[in-house]
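Asker: Checked Swiss-Prot, it gives:
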{"type": "SIGNAL", "residues": "1-18", "note": "signal peptide"}
{"type": "TOPO_DOM", "residues": "19-533", "note": "topological domain 'Extracellular'"}
{"type": "CARBOHYD", "residues": "ASN30", "note": "N-linked glycosylation site"}
{"type": "CARBOHYD", "residues": "ASN46", "note": "N-linked glycosylation site"}
{"type": "DISULFID", "residues": "CYS60-CYS286", "note": "disulfide bond"}
{"type": "DISULFID", "residues": "CYS72-CYS84", "note": "disulfide bond"}
{"type": "DISULFID", "residues": "CYS105-CYS147", "note": "disulfide bond"}
{"type": "CARBOHYD", "residues": "ASN249", "note": "N-linked glycosylation site"}
{"type": "DISULFID", "residues": "CYS290-CYS314", "note": "disulfide bond"}
{"type": "CARBOHYD", "residues": "ASN335", "note": "N-linked glycosylation site"}
{"type": "CARBOHYD", "residues": "ASN431", "note": "N-linked glycosylation site"}
{"type": "DISULFID", "residues": "CYS493-CYS497", "note": "disulfide bond"}
{"type": "CARBOHYD", "residues": "ASN503", "note": "N-linked glycosylation site"}
{"type": "TRANSMEM", "residues": "534-554", "note": "transmembrane segment"}
{"type": "TOPO_DOM", "residues": "555-570", "note": "topological domain 'Cytoplasmic'"}
{"type": "LIPID", "residues": "CYS566", "note": "S-palmitoyl cysteine"}
{"type": "LIPID", "residues": "CYS569", "note": "S-palmitoyl cysteine"}
Amino acid sequence: MNTQILILAISAFLCVRADKICLGHHAVSNGTKVDTLTEKGIEVVNATETVEQKNIPKICSKGKQTIDLGQCGLLGTTIGPPQCDQFLEFSANLIIERREGDDICYPGKFDNEETLRQILRKSGGIKKENMGFTYTGVRTNGETSACRRSRSSFYAEMKWLLSNTDNGVFPQMTKSYKNTKREPALIIWGIHHSGSTAEQTRLYGSGNKLVTVWSSKYQRSFAPNPGPRPQINGQSGRIDFYWLMLDPNDTVTFSFNGAFIAPDRASFLRGKSLGIQSDAQLDNNCEGECYHIGGTIISNLPFQNINSRAIGKCPRYVKQKSLMLATGMKNVPENSTHKQLTHHMRKKRGLFGAIAGFIENGWEGLIDGWYGYRHQNAQGEGTAADYKSTQSAINQITGKLNRLIEKTNQQFELIDNEFNEIEKQIGNVINWTRDSIIEVWSYNAEFLVAVENQHTIDLTDSEMNKLYEKVRRQLRENAEEDGNGCFEIFHQCDNDCMASIRNNTYDHKKYRKEAIQNRIQIDAVKLSSGYKDIILWFSFGASCFLFLAIAMVLAFICIKNGNMRCTICI
């Protein structure tokens, strides 16, 4: 009789088995791991790399007005050694310096050369204006075998002033130049340090020599230092070059009595440009905005791990080789085919599984990683995407990479390590500063990506919850949540009914009466099953108590009649 009642109860339950609709999002078999603020290695459906590692081993110059200086050093364009004759005036927005390039012909150096190099790299080229200096009582044609053209010569933009005769008196002279242009003028002059005192006397006469230069913002005096030095290019003497930027309407004055290398023309900067030191080959078939010694970085990513000294419109250099930016939700991978998966879910988790990851394949027109529905009813099973919530998430996530780029990209300039002995401390400070900036930006990059990843995962979870709440508010008492992202519907819900739930047009009043009746039947079955469990447990407990009571009574009777004895030993 009891068996018959149980069978009838189960049959009643099966007869009123509810249709079902589930919510979830697409999952992939192999997701991508990202880091967030709170957790490392979270697997997401979609992610994109933010660190560029691909280098183009060429200087991409398409669309650029490029000048390749070859054997000419950039500073040489201002003073004019023979190797720079074709670059005394030029216009460019990309200036290429080569390792073989040399700034000078007669041995010497530039004062504060790296600052001047930075100015010229950004100059956009240079144009010249004659300073109008004339000289009497001295020779202006000094030349040297170190600066050969067809024969001995000198710097094209400089005048080597000598006494009229060997050992002759060099007169005290003063020359001035006023900048009448609207832009600053670059003025360069030199001081000659003879290889010996005798050579200095032969070239400039006897006595101490002094050169004084001044303007409204500049004042400095120079005394030559004759003496033997190692020969370079056959010369034991040296010429040191000095420079200043002369403001518009300002005047520079030179006062000297020998050992003076006089400027012939002033230089003016043409505009803006990038300058790069590289031996990479020029390529007019590719475009670039970011350059380094090894070539070109072409990337829309916010970070790069190629060269810390890249210049131009470049991604920020970071130490990390990879920083993945999440562009999809957390992934719940599935390890079986559709048929196996469906069977597994029916057996282990119900038909559709939990909220996350129940859909094993994408739908046409749907971007992987977003939201959708799956239902079961008398007409079978079906799957559909929810484009509104999908688009809402996409709209908020789209542009994450661009926002990172806006936060990180800027124009970079190259500061080299070619410092002279006096500038070593400055060079050390620059190197330390560069290393510190790399450390800071490497940390910042990791932090920025982690923040965006946290936001993406929270956002996609939020959209999933919104969709779930939308369905729950529609169904109300007509359905029951099963805790796995699904709703058991207490009335017959055909495909049109399921579509109305998805479209947010479901009318719960229309199905309320049927749903209440079916809910009562299901609840009754559950209630009967609950009472049966209570009775079974009560019966088991009572049986155990009765057995123990009988055993105790029998033991008491046996002990009383002497048929049983209990001995306690100590």
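Any Cβ shown, glycine's included, is placed from N, Cα and C.
Owing to the predicted nature of the structure, the values given are computational and were not obtained by experimental measurement.
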Asker: If you count, for each of the disulfide-bonded residues CYS60, CYS84, CYS314, CYS497, the other Cβ atoms lying within 10 Å of its Cβ, which residue has the minimum?
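Answerer: Among the disulfide-bonded residues CYS60, CYS84, CYS314, CYS497, the lowest count of other Cβ atoms within 10 Å belongs to CYS497.
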Asker: These are the disulfide-bonded residues: CYS147, CYS286. Which one scores highest on other Cβ atoms within 10 Å?
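Answerer: Highest number of other Cβ atoms within 10 Å: CYS147.
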Asker: Find the one among the disulfide-bonded residues CYS72, CYS105, CYS314 whose C-alpha lies closest to that of CYS286 (disulfide bond).
Answerer: CYS314
Asker: Look at the glycosylation sites ASN30, ASN46, ASN249, ASN503 and tell me which residue has the greatest number of other C-beta atoms within 10 angstroms of its C-beta.
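Answerer: Output for this query is ASN46.
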Asker: Counting only residues 6+ apart in the same chain, whose Cβ is under 8 Å from the Cβ of CYS290 (disulfide bond)?
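Answerer: Spatial neighbours, sequence-distant, of CYS290 (disulfide bond): THR296, ILE297, ILE298, SER299, GLN304, ALA310, ILE311, GLY312, LYS313, CYS314, PRO315.
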Asker: Averaging the per-residue pLDDT over the topological domain 'Cytoplasmic' (555-570), what integer do you get?
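Answerer: Its mean pLDDT is 65.
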Asker: What does the structure give for the C-alpha distance between CYS147 (disulfide bond) and CYS84 (disulfide bond)? Integer Å is fine.
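Answerer: A Cα-Cα distance of 11 Å.
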Asker: Between CYS60 (disulfide bond) and CYS72 (disulfide bond), what C-alpha distance do you get in Å?
Answerer: 21
Asker: Applying a 10 Å Cβ distance cut-off over all chains shown, what neighbour count does CYS72 (disulfide bond) have?
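Answerer: The answer is 25.
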Asker: Under a three-state reduction of DSSP output, how is CYS84 (disulfide bond) classified: helix, strand, or coil?
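Answerer: Assignment for CYS84 (disulfide bond) reads helix.
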Asker: Neighbour count, 10 Å Cβ-Cβ cut-off, for CYS493 (disulfide bond): what number do you get?
Answerer: 29
Asker: Do any residues at least six apart in sequence from CYS105 (disulfide bond), in the same chain, have a Cβ closer than 8 Å to its Cβ, and if so which, in order?
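Answerer: The list for CYS105 (disulfide bond) reads PRO81, PRO82, GLN83, THR144, ALA146, CYS147, ARG148, TYR155, ASN233, given in order along the sequence.
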